[in-house]
Amino acid sequence: MGIVNLQDTFARGLMYRLHKWFGIIALSGSILHWTTKQFPKWLVKLGLFDGKKPPRPPMQEILTLKDWLATQRHFAEEVGEIAFYVAIVLLVAALIKRIPYRWFAKLHILVVPVYLALVWHTIVLVNFSYWSQPLGWLIIAALLAGIACSLIALFKRIGKPQNATVSALNQNGKLLSLTLNAPKWQGHRAGQFLFITHTRRKPPLYHRLRLAA
C-alpha cells in the first residue's frame, strides 16, 4: 500500500482546503472574465451596439514579436474558449462528492493541459505593453509558478510517497478503522489529509482520508 502525506509547514495542514478554494476562486474568476468578453457580443446580436472595429494597421514586412503575437490572436481566443468550457466541467466535477476518487484522480489531471492552454491564451492576448511593466512581470511570475506546479502534478511529484502495511483493520458498520505501519512516517496532526493507494488491488484503489488523530 502506498500513502502520500500532504502535511505542509507553510499552510499548517490546510493545503487540501486551500487547493479547493483556490479552484473555486479560479472558476468564479474565469466565468466573470468570459462573461465580460461575451457581453458586448450579446449586445451586438441584439442590435443594441454597432460592434464595428477600426481597421488594423497593415503588417510590417519584417514581423516583430508583437506583430507575430497579433497573428496568433484568433487562434488563442479559440483555444482559450475551449479550455474554459473544459475547465468548467473539470472544476464542477471536482466539487461533486459522488464521483469515485479513482475516476476523479484521472479526470482532474486534465486540468494541467487546460492550464497550459490558458497560459498560451494569456501570453498572446495580454496587452503587449504590459510585459515591460511591473504588472507584466507579476503575470510572468504567476504563469511560471503555475507551469512549475503543473509539471509537478503531471509527473506525480506531489506530497511525500511512502510505503506502508496494514497492521490492523476493524470495521463497524460503515466505519472502517485502519492501523498502518509506516516506518518512515514523520508525524501528522489531526485534520490533515493523506491519499492511500492500494497497490495490490487490480485496478489500484485510490482514496483520500482525513486523519482523525
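Cβ atoms are placed via backbone N, Cα and C, with glycine included.
TrEMBL labels come from automatic prediction, so no person has curated them.
Model, not experiment: these values are computed from the prediction.
The following features are taken from TrEMBL:
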DOMAIN    15-119  domain 'Ferric oxidoreductase'
TRANSMEM  21-36  transmembrane segment
TRANSMEM  82-100  transmembrane segment
TRANSMEM  107-129  transmembrane segment
TRANSMEM  135-155  transmembrane segment
Counting by DSSP, what is the helix, strand and coil composition of the domain 'Ferric oxidoreductase' (15-119)? 78 helix, 0 strand, 27 coil
Answer key: the stretch among 21-36, 82-100, 107-129 with most Cβ pairs under 8 A to the transmembrane segment (135-155) is 107-129
